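The block underneath contains the structure these notes are about, expressed in structure tokens.
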Amino acid sequence: MVEVYIHDNDNSVDFREPHNSGKKVDLAALDKIGVIYKHITKQEDVDALAKERDYKNHDIVNINIDTFKGDSDAMLNQLKIFYQEHLHEDEEIRYCMDGEGYFDVRLDDDWVRCKVAPGDLLILPAGIYHRFTLTNTNHIKALRLFKDEPKWQAYNRPNADDLPIRKEYLSSI
Ligand code: KMT
Ligand code: NI
């Protein structure tokens, strides 16, 4: 089951550590910023949700040291990219199948950290600033659902502040 809390913003510690400030965040607060959480155990229920929301594509990613052929520098470099604060122009769904990970979503000056485990599913609205990292177990297998073709284009903060999708998001919450 997902654990949600405010990140402690202590950047002297590896970003894969919990960074739990001790301030809990409830699912209603996530909902307020447009993030929907569900716990789903059956793949067919994930498929049904994807269909209902008109998703057309998906992929499965395995992120662990083997993905990078044992090259921990290469893994760290990729993790640093995932960890840059950014947004996308499409809503996206992430479903944890195995392992665990942290999805951080922006709430004003704070990061809300969502620790996902198998069965946890997050719907991130278009235009929300977010970032991702593995936990210190260094392994996740996740299903990524895309509305259309995967739009990997990531717009980093603060450059993305002026995008129409950012303004739409802000006026939606
Ligand atoms: C994202 O949107 O940041 C990602 O797809 C990261 C990997 S999903 C576990
Ligand atoms: Ni992203």
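Heads up, the Cβ atoms here are built off N, Cα and C, so glycines get one too.
What TrEMBL records for the Ni(2+) site is H86, H88, E92, and among H130, H139 the residue it adds there is H130.
All protein chains shown were included, and the count of other CB atoms within 10 Å of the CB of E92 (Ni(2+) binding site) stands at 19. For H130 (Ni(2+) binding site), the count of additional Cβ atoms within 10 Å of its Cβ stands at 23 [all protein chains shown]. Shown are the binding-site residues H86, H88; of these, the residue with the fewest other Cβ atoms within 10 Å is H86. Close to the recorded Fe(2+) site, the chain also has L87, L124, I128, Y129, A154: residues not among H86, H88, E92, H130 whose Cβ is within 8 Å of the site's Cβ mean position.
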